[in-house]
Every structure is written in structure tokens, then in C-alpha cells.
Amino acid sequence: MKKRRSLTFSIPNLVIALLCIYFGGWLLLNTLGLMNTTLQTSTLHYVPYGLVVLGALLLIAPFVNTKSQLGSNWLFGLISLSYGGALLTDAHHLISFGWLDIWKLWPVLIVYCGCMLLFGGRHQKKATKNHAYSNDHPDEAFDAKVFAQNLKHDIEQQIKKDMRHTEEGLRQKKDVLKQEAHQWQPNSKGQRQHEQERRQAQRENKLARFAEPNEQKTDDDSGHNKE
């Protein structure tokens, strides 16, 4: 059975790919001289928003997907989020921060070290456990659809198994009832013979009762004759 290739992408990779396409297209238009000042300003206006979204996704990814690398994701996520946020605050005239002032974000490295001390060990244990399980079960990739199908198949098999046991139990009970009924059912031939004997006995009793008065009357007549 051939395995179907998954066409799904992780959100951080998707955002990075879109940013690369965006910057590549912007540089291509600028190199060909098709980018005027108004278009250049309007396109650069949306870049900080993309950096903020990318940074947020890179920070959230380790908590959603344990297979993602916490260190690299958080480092680039903090830098991207801080850089994009600084550019947005400069666009709203809250601080003065230019595109080349990225070096001013060096305290982000200290924040990164603190986050790694807090969450790095816990994520490493969880990732190691999942990695060990994946090594022991290399063919078991979690898929919600496959899991649902397997669960449905297992439930159907269990139901069929229980129904077979139930039918076998009912069949055995039916056989036992048939045997008991057969044992208690009277024999038709023996019943007819018994009925004939009973009738014969009744006839004999009637004849005996009819014969007793006649015998007594005969005795009385013989006594009178002797006298």
C-alpha cells in the first residue's frame, strides 16, 4: 500500500516562504525599474506586520508541535517579533527606529537565554520522549483521519465479536431448551397404549358391576325353587 504524501505545511515555514516571495518580487521589480517611490513605500509598509506575525508563530510553534526545535524557533521568533514591533512603533512615530538599527535589539539575546532556562528543559524532555516513541514505532505517524478509521474498524470488530458470542450463547440455550422439552414430551405410542388400557379397565369395571346384580338375582331364584 503506497503512502500518500502530505501536502500540509507548518505555519512558520509558510510565513517564511510568503515573505521570501514578497521580498523576491519586490527586489525583482525594483531591479527592473518597475518600482516607483509610491509603490516602494506602500510595499515596505506591510513588511513589519509580516515580521510580527512570523515572530509570534515561531514563538508559539514549540508549544503546539513538540517536533519543532525550541532554540532556533525562539531565537528567530524573538528577533523577528522585536524587529517588526520596533518598525511598527517607528511607523506610528512612537520611537525612532530605522531598518538598519537592528543592532539595537541585542538585549533580545538575554531574553532568549532566560526563556531557554525556563522552558528549554521541559520541552527537551517532552521532545526526547516523543522521539523515542517515534523510533520504536517508525511506521506509526499520527493522522487524525487514519486514527478515526482505525478506531471505527476496532469498534466494528468488537461489536461483531460480541454479537457472535451472543448468538452462540442463544443457540446453546435454545438447544438445551429443546432437549429439556424433548425429555418432558410424552411418547405418543405409549400414551395411546395407556389410554387403551384405561378404557379396557373401565369396560371391565362396568361389566363387573352389571354382572353382580344378575348373579344375586339368580341365587335368589334358586333359593325359592328349593323351598
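Even glycines carry a Cβ here, placed using N, Cα and C.
Features of the protein shown, as given by TrEMBL:
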| type | residues | note |
| --- | --- | --- |
| COMPBIAS | 192-227 | compositional bias 'Basic and acidic residues' |
| DOMAIN | 16-125 | domain 'LiaF transmembrane' |
| REGION | 177-227 | region 'Disordered' |
| TRANSMEM | 7-26 | transmembrane segment |
| TRANSMEM | 46-64 | transmembrane segment |
| TRANSMEM | 76-99 | transmembrane segment |
| TRANSMEM | 105-121 | transmembrane segment |
What residues in the same chain, six or more past the boundaries of the transmembrane segment (76-99), come closer than 8 Å to it by Cβ-Cβ distance?
45, 47-59, 61, 105, 108, 111-112, 115
Give me the DSSP three-state residue breakdown of the domain 'LiaF transmembrane' (16-125), ordered helix, strand, coil.
88 helix, 0 strand, 22 coil
